[in-house]
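Chemist: Got these off TrEMBL a minute ago, pasting:
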- 1-20: region 'Disordered' (REGION)
- 27-48: region 'Disordered' (REGION)
- 41-131: domain 'Histidine kinase/HSP90-like ATPase' (DOMAIN)
- 132-163: region 'Disordered' (REGION)
- 147-163: compositional bias 'Basic and acidic residues' (COMPBIAS)
Amino acid sequence: MQELEKQLEVAPEPSEVGRARRWARAQLGRGRSCPARPGESQPDESQTDTVVLLVSELVTNAVVHTGRPAVLRIAVREPGSVRLEVVDVSARAPRPRRAEGEDTGGRGLELVELLADRWGWQEEGAGKRVWCELSCPPPRSASGDGDESRREPERERKVPARY
């Protein structure tokens with residue numbers, strides 16, 4: 001069951017990345033992406049923060065690397081699954097870079113790889129669609145032991161240490 005599907009046209013301006021982040025946060029609203037866990041009164045906002053970071057990375061990649069407008073789509077599905085898509089006019093496949101040391105760029109897709117449960121891309125018209133999906137963290141165990149915020153990844157993900 002799909003709960004919400006919205007899209008935003010993004011101009012190729014650096015300020016548009018901030019607008020896309022604010023728009024995504026507003027679309028998710030309080031508790032829309034991850035409801036309160038059993039026994040808790042407040043919704044889990046950690047997924048919303050992660051979604052906003054991923055929006056920033058995907059939209060930045062689209063507008064910086066193409067210099068053209070893009071379209072951001074967000075879909076919230078039951079139970080607590082969020083899918084982001086950014087469509088741009090470049091047919092060039094996204095390639096994760098591995099930033100070195102103090103590099104100020106080049107970490108976008110690396111972050112997507114680390115934070116999303118799944119991600120990928122596909123051709124769309126003359127361009128492409130880059131997407132990622134996140135699910136709510138599993139419910140806390142009755143005993144409260146363990147790290148409840150951890151997800152079981154589909155593949156091993158490591159952050160390379162570079163000093």
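Just so you know, glycine gets a Cβ as well, placed from its N, Cα and C.
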Chemist: Find the average pLDDT over the domain 'Histidine kinase/HSP90-like ATPase' (41-131) in the predicted model and report it.
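Modeler: Looking only at the domain 'Histidine kinase/HSP90-like ATPase' (41-131), pLDDT averages out to 85.
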Chemist: What are the DSSP helix, strand and coil residue counts for the domain 'Histidine kinase/HSP90-like ATPase' (41-131)?
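Modeler: Helix, strand and coil residues of the domain 'Histidine kinase/HSP90-like ATPase' (41-131) number 29 helix, 29 strand, 33 coil.
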